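Some features that Swiss-Prot has for this protein:
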type     : residues                                         : note
ACT_SITE : D139                                             : active site, proton acceptor
BINDING  : V19, G20, K21, G22, S23, Y24, G25, V26, V27, K42 : ATP binding site
DOMAIN   : 13-304                                           : domain 'Protein kinase'
MOD_RES  : T175                                             : phosphothreonine
MOD_RES  : Y177                                             : phosphotyrosine
REGION   : 384-421                                          : region 'Disordered'
Amino acid sequence: MEFFTEYGEASQYQIQEVVGKGSYGVVAAAVDTHTGERVAIKKINDVFEHVSDAIRILREIKVLRLLRHPDIVVIKHIMLPPTRREFRDIYVVFELMESDLHQVIEANHDLSPEHHRFFLYQLLCALKYIHSANVFHRDLKPKNILANSDCKLKICDFGLARVAFNDSPSTIFWTDYVATRWYRAPELCGSFFSKYTPAIDIWSIGCIFAEILTGRPLFPGRNVVHQLDLITDLLGTPSSETLSRIRNENARGYLTGMQRKHPIPFSHKFHNADPLALRLLERLLAFDPKDRPTAEEALADPYFRGISKLSREPSRLPVSKFEFEFERRKLTKDDVREMIYREILEYHPQMLQEYIRGGEQISFLYPSGVDRFKRQFAHLEENYSRGERSTPLRRQHASLPRERVCSSVDSNNQDSDNEERRAISSIARTMISPPRSQEKGKNRASAYPNGIINLNSNPKIYLKSASISASTCIIRGNKGPKENGISEDMEEVVYELSDNVTRMLS
């Protein structure tokens, strides 16, 4: 059986193997035959089976089309469905990141102070940009932060994100909040206040940073009450002023009746941590949201002296209310299908113009691309379900894509000043898991995509990671026994990685 033999855009991608499987669909590693770049392709199955899930997909595609930043994961392409009104599956092509921050923390128990600082700096830069657009992420956690072995981080999974408008009723705005409890701000644990702010994301970043420092979740609550207990064990009981502003009577009563707790000095909790890091962490984890800094204020903290230059960190105008009018309406399945189709057309400019002019899709332009993918994914899934690592049958190419070696400096940050370059270089020199030999490093360097360091000209030591084998982020010669297969944890990591889509930076 041959693949990609008929006319269609799917022939641009050469599928390699399944790297993950989840409730939404299947993720496969692939090569873009036009550029030689490795990408991840996610097939989202039966998008419209549940309208709520379809709306989440629509929201994420739309939000991340509008948020274009070096520290946010990038979508490359979305394949055009064969029909406008009957399609069920979506194929999303996005940049292939090597791992996520959860795996990096688990695999690296001796991250340096330089790692700590650079990780937090990137997260706050992304958050500054996101919040400037009036977007709240609402589900920040280590598994929703992708990572490469050169310490590059990118925020992903905006399915729970919301855009804040001044005239939006807060009761409607927050009724579906279901983010991960461990990283949830205390005001969200008990519906403390009538209006929420970007401070909810700042709290999550604080929890993530604490986990980077210690290697363990800071507040692993079993339920909401236990979560509040853990928070107050560290921070102490909130002030009477804060308690008086809590609108939820049960939450206010519970905290008021709680035995008085005194805060634990962060220096006792986080041994050997940089005092400046702990001072900033205390600000990020203020119980009262009004006492937390904004992302921009946090970036101006003395902790980042030498690498931070606020004038260089991008912001953007608030997103248009028109883009998210659908959040205020009750949508049918057909409504969501049409809106998702419209978002897909953003990656097909010519078709978009025809759509805007009122013309129908010209189906013969792409008669079989998705059908080819369906057969190919079916082949891969069959082998995957048997626990086999499978490479699909495919045609032989007369000339394979050229190998590409990317610069050690992210192309999106080429205008960085010398101070930041020195900081990044210093961090890279401290990374863990060096290649076994210079010769092996030379052989592998050309295969690394997007932002991976060129070992030929700049040998550096990599972060360890328990990442998926298909990503080739880990030097293959150094694989441990856990990296030879795809564990359940890895399936979840890959699925969560693949569930996040953004528009390609122009």
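Backbone N, Cα and C define each Cβ position, glycine as well.
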Cα of K21 (ATP binding site) to Cα of the residue listed as 'active site, proton acceptor': how many Å, rounded?
-> 21
Taking only the Cα atoms, work out how far the residue listed as 'active site, proton acceptor' lies from S23 (ATP binding site), in Å, as a whole number.
-> 18
Pairwise CA distances across V19, G20, K21, G22, S23, Y24, G25, V26, V27, K42 (listed as binding ATP) top out, in Å, at 14
Assigned conformation of V19 (ATP binding site) - DSSP reduced to three states | strand
Mean pLDDT for the domain 'Protein kinase' (13-304), as a whole number?
-> 90
If you run the three-state DSSP split on G25 (ATP binding site), which class comes out?
-> strand
